[in-house]
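This report concerns only the one structure given below.
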Amino acid sequence: MPPVLALDGPSGSGKGTIGQICALKFGWHYLDSGAIYRGLAWLANSKSVAADDVAGLVALAESMSLVCHVQTDDVAQIEINGRIVTDDLRTEETGEMASKIAPLGSVRAALLAMQRRCRRTPGLVADGRDMGTVVFPDAEFKVFLTASAEIRAQRRFDQLKSKGFDVNLARLLESIQARDVRDSSRAESPLKPADDAYVLDTSALSIDEVVACIMDHVNQR
Ligand SMILES: Nc1ncnc2c1ncn2[C@@H]1O[C@H](COP(=O)(O)OP(=O)(O)OP(=O)(O)O)[C@@H](O)[C@H]1O
Ligand SMILES: Nc1ccn([C@H]2C[C@H](O)[C@@H](COP(=O)(O)O)O2)c(=O)n1
């Protein structure tokens with residue numbers, strides 16, 4: 001099987017940014033699994049499928065086609081059913097909905113095969129919450145990125161502000177904290193480091209320093 005670098009962690013810990021840089025450095029494919037949950041949430045919102053309509057969500061998941069276009073200078077562009085929806089997926093409304101549907105076991109099961117199909121030669125960098133624990137438990141490399149909620153909220157604030165969104169730091173912090181609780185306390189595939197993961201707190205590290213730590217870790221193994 002092609003090698004996998006599983007990159008897990010809470011919202012805003014840098015998985016997407018760092019994952020894309022690592023994928024480009026290795027020349028590997030990149031999977032943004034959060035985009036899959038956000039994509040399903042966005043589709044559900046746009047088709048008025050409720051967060052508790054499990055059969056409706058599973059049907060949407062099974063018919064969803066998602067392509068992730070890695071960029072050298074920006075977040076990966078996400079295409080769903082033929083349409084680029086990157087900015088729609090990053091809204092707090094979509095993130096909230098994603099976090100509500102993510103605990104549903106049959107929804108997760110419907111999205112599992114789609115994620116595993118991304119494991120292709122020469123390798124895959126996969127970012128999410130359960131890459132190292134559930135989706136790719138046999139991954140060669142497992143990294144769990146973390147940072148304080150305050151730092152993550154500030155990073156998200158700066159990111160959204162630079163894209164012209166009208167954002168409120170206190171509300172972002174509240175939303176990140178609520179999502180942390182939901183993601184880590186759910187019964188199905190909770191957010192947690194795999195037993196064999198390298199846990200890296202990025203609160204005081206620059207993006208380049210985080211990438212260097214991961215490269216050192218990979219090269220040592
Ligand atoms: N070590 C770092 N230092 C400074 N800024 C960072 C660092 N890591 C990430 N960032 C910035 O924080 C923001 C959030 O990062 P990113 O979107 O990669 O997080 P994420 O973990 O993928 O979040 P989510 O799970 O919600 O998709 C981005 O603007 C990114 O550039
Ligand atoms: N492997 C994954 C990826 C994401 N989720 C859920 C949890 C998040 O609240 C939501 C959006 O993810 P993000 O884009 O913020 O990384 O999707 C999950 O349960 N499992």
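Even glycines carry a Cβ here, placed using N, Cα and C.
What TrEMBL says about this one:
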- 6-219: domain 'Cytidylate kinase' (DOMAIN)
- G9, P10, S11, G12, S13, G14, K15, G16, T17: ATP binding site (BINDING)
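For the binding-site residues S11, S13, T17, counting C-beta atoms within 10 A of each C-beta gives the highest total at S13. Only S11, of the binding-site residues G9, S11, S13, T17, place a Cβ under 6 Å from an atom of ligand 2.
The ATP site is set by G9, P10, S11, G12, S13, G14, K15, G16, T17; from the centre of their CB atoms, other residues of the chain with a CB within 8 Å are I18, D127, L145, A147, R152.
Under 8 Å, Cβ to Cβ, and six or more positions away along its own chain, K15 (ATP binding site) finds L7, D8, G9, G34, D127, G128, L145. Summarised as a single figure, the pLDDT of the domain 'Cytidylate kinase' (6-219) averages 92. DSSP assigns S11 (ATP binding site) to coil in the three-state reduction, outside any helix or strand.
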